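Features as listed in TrEMBL:
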- 170-175, 221-224, 263-272, Asp298: FMN binding site (BINDING)
- Arg387, Thr671, Ser742, Arg743, Lys753, Ile754, Tyr755, Val756, Gln757: NADP(+) binding site (BINDING)
- Arg554, Tyr555, Tyr556, Ser557, Thr572, Val573, Val574, Tyr578, Gly593, Val594, Gly595, Ser596, Trp829: FAD binding site (BINDING)
- 164-314: domain 'Flavodoxin-like' (DOMAIN)
- 367-640: domain 'FAD-binding FR-type' (DOMAIN)
Amino acid sequence: MHWRALVVASSTHLKDFGVLRVKKIMLSTTPSERGSALSFERVSSIGLSARHLSGIRFRSEGSYEEGMTELDTGAGAHERYIKLKPVEPQLSLTSSRLTSPMASSSDIVILTVGLVLAAVYLFRDQLFAASKPKSVPVAAPKASAGSGNPRDFVAKMKEGKKRIVIFYGSQTGTAEEYAIRLAKEAKTKFGLASLVCDPEEYDFENLDQVPEDCCVFFVMATYGEGEPTDNAVTLCQNLSDESFELSNGEHKLPAIKYVVFGLGNKTYEHYNLIAKNVDRDMQKMGGIRIGERGEGDDDKSMEEDYLEWKDGMWEAFAKAMNVEEGQGGDTPDFAVTEVDEHPPEKVYLGELSARALTRSKGIHDAKNPYPAPIAVARELFEEGTDRNCIHIEFNTEGSGITYQHGDHVGVWPSNAEFEVQRLLCALGLYDKKDKVINIESLDPALAKVPFPVPTTYITVLRHYIDISAVAGRQILGAISKFAPTPEAEGFLQMLNTNKEEYANVVANGCLKLGEVLQLAAGNDISTAPTIENTTPWAIPFDIVVSSIPRLQPRYYSISSSPKLHPNSIHATVVVLAYESIPNDKVKTKWVHGVGSNFLLNLKFAARGEPIPLAADKAHPALALTPKYAIEGPRGAYRQEAIYKAPVHVRRSTFRLPTNPKSPVIMVGPGTGVAPFRGFVQERVAMARRTIEKNGVEGLADWGNIRLYFGCRRSDQDFLYKDEWTEYAKELHGKFTMRCAFSRQPPYQPDGSKIYVQDLLWEDHEQIADAILNGKGYVYVCGDAKSMSKAVEETLCRILGEAKGGSAEVEGAAELKLLKERSRMLLDVWS
Ligand SMILES: Cc1cc2nc3c(=O)[nH]c(=O)nc-3n(C[C@H](O)[C@H](O)[C@H](O)COP(=O)(O)OP(=O)(O)OC[C@H]3O[C@@H](n4cnc5c(N)ncnc54)[C@H](O)[C@@H]3O)c2cc1C
Ligand SMILES: NC(=O)c1ccc[n+]([C@@H]2O[C@H](COP(=O)([O-])OP(=O)(O)OC[C@H]3O[C@@H](n4cnc5c(N)ncnc54)[C@H](OP(=O)(O)O)[C@@H]3O)[C@@H](O)[C@H]2O)c1
Ligand SMILES: Cc1cc2nc3c(=O)[nH]c(=O)nc-3n(C[C@H](O)[C@H](O)[C@H](O)COP(=O)(O)O)c2cc1C
């Protein structure tokens, strides 16, 4: 039997690891025995330093280990679940009985009491002498070089003669890609080998043992309220926690060289905070940064920020590491071989996992998405509106997939067929598109093959790599030498070196790689691509694989509650289509988002509707809603008239308070309303149960839930218009909704639009009362760029005024407090 201890901590931010207020310690067994988990409310006031519990892996809720499913504590929605590593006998908080296969629930009682007492004893200094600043860390197993310890990165560096170790903090893969790019550049420029590491897989006690002639890179994304990615939580905690001892017995480094590149997005309040924190902590410990800290802005210019930063960094790196450029070589990352004979059933044609290929049963998660039948798909906008918004229901019955209101569903799209054809033609692969290929990594430590193999050329372009993104400036330089003509080569080199021209032609023109290749070769990009009208380039396929990132799932806030819809997951998806900015080389054209148009295709197919022509008559081929190979690999996503889409669920902490007495304020204009449909359904289900038991009076002491919704016009894009009144009826006056219709009267006295934040201000007295007196919860979902900021500003005004002060001081402080207490939660995107 495998035992795990679970610590449920209070709502303090994960980043504030210094002192976690542990509310409960639960000991859980195998999933089937969860019921016997025990809780200890009395531990609640212990100020427990995270470092005390040596071996804890901090993760946000949802990223459980295999077999670790949701555990309903019934103790409030906004706790963070923090899980101990698998309990091992040698850890000081455990007893050998923990691993006993004969353990019973009485054992659990004894063990848990023992655990708590042991914790109390161990932390008596902290519990009873709060003034003592330093904690006494539980000894962690020290990693020793050459010990064969797989978590010892220094030993691995030495063994592999690597002078660089690159840690990446990444949630959706971008930071990992940049980490790999840095490793490749170090190899090409200086002939230096790197170890690219997921920090979750290593221990940091021996960071001080990194050899003097080596360098540590940190490539770190920031999330949420300035929090690290799941895989970087421990790393960040170890760096910032002054009681975290390195192998030298101190929290100090010798003059270790390091480099930091951060990935963030300026529309978020805590821009690149994690990179900044890592930099601060490394400096504090005595590390020496090489070059400037890089900061990439995902909202505007990640690639440009990276390119601008890296040249100066490499220059400083060469000096600091005493290496010269030109020592490396242009070594490929992968070897691509065409395979003449291969059992066809073993060739991946778009399957996302080995289980999908063999059609065997297993857990469905991000590594093995579930092909969910589409039960319902319909248009939410009124006819005649020039945009689409899809309501889609994924049937999860029998899949083992569970979800909670507020979670996200990840949808795995393929690329549009038009773009697949274009790149096949431009790469000269059209005639052998179905040829089976094997791809091997020539340096697995540096570059893993990012998708399953063996596969075929067309499959890679259709299902596995992101050929629809705007072509990067760097790749254009790398492939220019394979140009079919000197003019095409010159054109690509110009785009690679001339930032303004690149921005004007490629970025503003939203040109994908296939389009740039066509444009450079003088082909017409506005007609359907064929082998006749497209010049082939002799770009080796291994370069394509190593330069284009993996196609990622698209995430949608789930718009249903499992209490009303236990076997289906609903999503509310606005379809992305916009026009590019014209320039002297490319006319304006329609650009279609990959994932949302994939779902639009599925909606048409599921309803048996033809794909209509879009409004643009001037370029009919491009105005078409792009078509996708929605039948999936070997027709796996179609069963007669039923279509399926590969999905998985990602847990979130965006949840209602469990106590219905707490007032709730929800702000969600446009598709931002999606999770709130789930929230309201959750409350409806609860109300039905309460009424059944206690009658309508059972709802008497419930807090109000208020929804602020906004859209353009009540007769165009009012999402779920007819449902809200039904929910309101079932909630017997406990649910109210206010709508801001921005493009219809009434307007503001100065003629400007009325938005959700204006309605919030109109209701400022009730809002302040709900938050300050009713201990209410505030939720904001949707646009991160301007809406959520404007809403936060308005909340500051409201709270500042209610506190008799200003928005900037008292209001901001109150909002900060709300966030720290997880009573103000955001689910925003840009
Ligand atoms: C946590 C979370 C929850 C989300 N929930 C929802 C939801 O409930 N409903 C929903 O509809 N979406 C939601 N999204 C957004 C969703 O994940 C996708 O980003 C969205 O559907 C677009 O994906 P796509 O593949 O169609 O577009 P892509 O092909 O990925 O293209 C998107 C890219 O196009 C660019 N772009 C967009 N508009 C323009 C423009 N006008 N000009 C130039 N470039 C532009 C941007 O760089 C953007 O990154 C959520 C996102 C997150 C992170
Ligand atoms: N990155 C992507 O690919 C992607 C994809 C989908 C959505 N999004 C983002 O998600 C957001 C929601 O998209 P959507 O299409 O569902 O919404 P939407 O229809 O664009 O907007 C919903 C309502 O919000 C209003 N609004 C605009 N700016 C606002 C502001 N600063 N404060 C408050 N309200 C504001 C709109 O008014 P007006 O339009 O009349 O000003 C409209 O009434 C969009 O803003 C978009 O940026 C991004
Ligand atoms: C839900 C969400 C929250 C984010 N929060 C922040 C933030 O607080 N600060 C910031 O600078 N960037 C934020 N970002 C931007 C990410 O850091 C950025 O997109 C980065 O490239 C993601 O890297 P990854 O793909 O390696 O996970 C956020 C992005 C998302 C999708």
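Glycine too: its Cβ is placed from the backbone N, Cα and C atoms.
Only Arg554, Tyr556, Gly595, in sequence order, out of the binding-site residues Asn265, Tyr271, Arg554, Tyr556, Gly595 have a CB under 6 Å from ligand 1. Listed binding-site residues: Arg387, Arg554. The one with the lowest count of other Cβ atoms within 10 Å of its Cβ is Arg387.
Here the candidates are the binding-site residues Asn265, Lys753, Tyr755, and by Cα distance the one nearest Arg554 (FAD binding site) turns out to be Asn265. Across Arg554, Tyr555, Tyr556, Ser557, Thr572, Val573, Val574, Tyr578, Gly593, Val594, Gly595, Ser596, Trp829, which the record gives as binding FAD, the greatest C-alpha separation is 22 Å.
Ranking the binding-site residues Tyr268, Tyr271 by C-beta neighbours within 10 Å puts Tyr268 at the top. Of all the binding-site residues listed here (Ser170, Asn265, Thr572, Ser742, Gln757), it is Ser742 whose C-beta has the fewest other C-beta atoms within 10 angstroms. Checking the binding-site residues Arg387, Tyr556, Val574, Ser742, Tyr755 against ligand 2, the ones whose Cβ sits under 6 Å from it are Val574, Ser742, Tyr755. A gap of 17 Å separates the Cα atoms of Trp829 (FAD binding site) and Gly173 (FMN binding site).
Taking a C-beta cut-off of under 8 Å and a sequence gap of six or more, Tyr755 (NADP(+) binding site) has these contacts in its own chain: Pro669, Gly710, Ala740, Ser742, Met787, Ala790. Ranking the binding-site residues Gly593, Gly595 by the number of CB atoms within 10 A of their own CB puts Gly595 at the top. Summarised as a single figure, the pLDDT of the domain 'Flavodoxin-like' (164-314) averages 95. Listed binding-site residues: Gly173, Gly224; maximum Cβ neighbour count within 10 Å falls on Gly224. Neighbour counts of Cβ atoms within 10 Å were compared for the binding-site residues Tyr556, Trp829, and the top value is held by Tyr556. Of all the binding-site residues in the record (Ser170, Ala221, Asn265, Lys753, Gln757), the one with the smallest CA separation from Gly593 (FAD binding site) is Asn265. Counted over every protein chain shown, other Cβ atoms within 10 Å are most numerous around Ala221 among the binding-site residues Ala221, Val574.
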